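See structure below.
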Amino acid sequence: MLKLTSLTKHYQEVAALSAVSFHVAPGERVALLGHNGAGKSTLMKIVLGLIPYDAGQVSVLGAAPGSAQARAGVAYLPENVAFHPALTGEEQIRLFLSLRGEDPAKARGLLDRVGLHGAARRRIGTYSKGMRQRVGLAQALVGHPKLLILDEPTSGLDPVSRRDFYALLDELAAEGAAILLSSHALTEVEARTDRIVILSGGHLVATGTLSTLRSEADLPVTMQITPAFGQAATVADSLPEAVLQVAQFHLCVSQGQKLAFLARITALGEAVTDLELIPPSLEDIYSHFSRRDGQ
Amino acid sequence: MTAILALARAEFRIAARNRWLAIAAVLMVVFALILTAAGSGPTGSLGVDRLSVTVASLTSLSVYLVPLIALLLSFDAVAGEAERGTLSLILTYPIGRGQILAGKAVAHLAILTLALIAGYGTAGVAAFLLDPTSVQGLGALVRLIWTSVALGATFLGLGYAISARAKRPSGAAGLAIGLWLLAVVLYDLALLAAVVADNGGLFTKQVFPLTLLANPADAFRLYNLAASQATAVAAGVAAAAQSVPVWQSAASVLIWPLVSGGLALLSFRKVVP
């Protein structure tokens, strides 16, 4: 569906994208992560054919970006899009249907699908931010696109709207659509995408599923050990690496040492009343990759 | 074609809900009625029917109002979409930039035409009620309407070109007001100063008629006044340029919408969202 090979783009002297390569297969949901200015929006605009690129290859549905064939099968949701406040949601979607040569009468169905049934005849000016984002999403569903490019689709959405949004993406992916969505936080995309691509300073710094990224990052696990009453000294003796903080021992161990330490702690038996294992957070993993370039 | 009409329908709705249509129509009707009433004095002495006199007054008014309304309708066309973030979206749809502009132009031109017909039509009816011989001036009224539409189309195109260059609606609004001042006020003032300074020399005879044809607003005034032979009731720059053949001013009125449309398209094609 989408294939990027050594994609490079410069703005004057500044490199916005440096030799970025990845692909999105049909039915696959890929999250593009990065800080502001990492090159996410630039990459998306190149894929959409809105701006030219300097080197490398881009293949969108087997055609050049921005070509008639590509435009016919690609849907886009821009970041922070605000439709004209004077039109109703239904009128806006009818227009987008007409622009793709579809029957405008399908507008109601599309608005129902994104949960805007009741507000279809109200002007967009009266919508909340989440409702406006739903109009944008309804627009992206017009004409069963083969590839969806969604720029920060969940920013500003409340948790319920976000969950609805990902449920809809699941349906689309199940129907065979390829989805590339960007976000600046790993916590927002977490388990709802098949693969994650992390950009930093225009470089692709990591790609893979969340679990591969987790093991690749090899960030330490934190263990919180609560000693039994009066047993603190015993625990401190057998775990000299642990630091005592407010009646709990904190231990930072690498992934490889994890099991060995667990064995040592369980060997303490009754001296330990509780053990908490805290894996590295999604933010820790993301920071690990996006800072590797010295940012 | 479906895409252009769908865009035009949406744009028309937006303009109607933003009260542009009502404002433009009321403005034209009010001014037309005032001019019809005010123009009742000189008819007897000039031996011209009332409508012809009204058309001469309306021509002078339209030179200012029509470009203003057209620029007000068009300045937001591209810059507004860019600011709302819908420009990059619509450019990813399978339609060309020419179609996008055409859709907007159809809607805006329809609004302008409705306002013009409302205003000039009112003037026509009023003149006829006051003076039945006004039928003689009907040709002049029809000519005023179609040339006003052409003048409006010219300034719509220039407004789109400005809107595409400006990137922000506030910047586009400033440029549009600047263009309006330049085209309908300062241009004539500068020409008048040059003619006075030249004192009947080469500039007045050779260059001056060409400078009038080069400005769409002046060409519009020239054509309407010359064609209806109502120059007797008009004064100023137009009266001084009777040497320009009617076909030349008509050609300028007709060619300008094409030129400005071309400029709009060129300017819009250069926009990188």
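Placed from the backbone N, Cα and C atoms, the Cβ positions cover glycine too.
Annotation source TrEMBL lists transmembrane segment at B:20-39, B:51-75, B:105-129, B:141-162, B:174-197, B:246-268.
Note: the stretches the transmembrane segment (B:174-197) and the transmembrane segment (B:246-268) are not in contact (fewer than 3 CB pairs below 8 A, sequence gap of 6 or more).
Same-chain residues lying 6+ beyond the ends of the transmembrane segment (B:105-129) with a Cβ under 8 Å from its Cβ atoms: 4-5, 7-12, 15-16, 20-21, 24-25, 27-29, 31-33, 35-37, 49-51, 54, 58, 66, 69-70, 73-74, 77, 135, 137-138, 141, 144-145, 148-149, 152-153, 156-157, 160, 261. Here the transmembrane segment (B:141-162) has Cβ contacts under 8 Å with residues 51, 55, 58-59, 62-63, 66-67, 69-71, 73-75, 77-78, 101, 104-105, 108-109, 112-113, 116-117, 120, 123-124, 172, 175-176, 179-180, 183, 216-217, 220, 223-224, 227-228, 253-254, 256-257, 259-264, 266-268 of the same chain, all six or more residues outside its ends.
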